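Novice: According to TrEMBL, the protein carries these features:
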- B:1-49: region 'Disordered' (REGION)
- B:10-31: compositional bias 'Polar residues' (COMPBIAS)
- B:70-203: domain 'UBC core' (DOMAIN)
Amino acid sequence: MQTALPKETERLVADPAPGISASPHEDNLRYFDVVIEGPSGSPFQNGKFKLELFLPEEYPMAPPKVRFLTKIYHPNIDKLGRICLDILKDKWSPALQIRTVLLSIQALLSSPNPDDPLATDVAKHYKEDEKDAQRVSREWTEKYAV
Amino acid sequence: MSAKGALSPARTTNAQANVCHSLPPSSSAACNRNRHRPPPRPSHPPSTLNPIFKWSPLLPPRHHPPNKVPRNFRLLEELEKGEKGIGDGSCSYGLEDGDDILMSNWNGTIIGPGHTVHENRIYSLKIFCGPSYPDARPDVQFISRVNLPFVDQTNGKVDWTKLPVLANWSRNLSIENVLVEIRKEMASFNNRKLPQPPEGSTF
């Protein structure tokens, strides 16, 4: 478990997924600064979203902790940047990796799920008027995710 | 739960990325994650060295990588615990501004302990967690007027040198601990009968 960490980190830093970068803090190798580019075709396109990721002591038996530091208008991400994604909770498996988690978060930007919301006001907006909600998401992306 | 996993097939692993509607109850349970995990020690001093240099279990590990829960994740844990409610409800706390991504400013409430001059009083406090929290102690200030030896009577600020929980601060302690300790002080022999300013007045 222990030896798995630096190797995984090494791979992650050396071979990041497209549109994703992650670098560990020098003074805490379990704590990462992450940048995810908004997927093209989504309202988050061209945005650079900052996140922070921490591997708890129980990792990989417990999932990483991740949150957005950049403000984002998305039904499954709340005001404090907390993310509602099942693989970060009850669907976590030790076979998953940081890379998979970050790709899943990137995928979540492409496919918001307002039926299972964390930010209820944003979800309501998405359900009632998706076009208008996407306009706000684009505005926030241009304003905050630069 | 709807299968909303939108990983492209090339990237898909065995996990479906579904979204869900609530935060995990589990994360707040872990309050002691900052214990250090000893690292693998590939480079023990060779035994040819003077035995005094040999690593001994009695000595602290020579290389001790920090494995501390970072400030923000620690504060998220505290927030989740506070949202659920702590103890018997006599102390509570929450973010002053739910939008504050840095989670620096908190509100606390203490219900005065029974059988003291504080009985039935509700005290409001401000707690500030700076960038070095929890390595650095939080700043605590009463909004409600109160007469206690560790509270500055001009502005309500808690003098950390006079309150043991702050004077002996360590990163294992939390906002909850501070509020609970202040409430205990209110009920202590020396403080339980101190004359108090009118109820409801503020600094």
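Using N, Cα and C of the backbone, Cβ positions are placed for all residues, glycine too.
Unlike curated entries, TrEMBL annotations are predicted automatically.
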Novice: Sort the residues of the domain 'UBC core' (B:70-203) into helix, strand and coil with DSSP and give the three counts.
Specialist: 33 helix, 28 strand, 73 coil
Novice: If you average pLDDT over the domain 'UBC core' (B:70-203), what do you get?
Specialist: 96
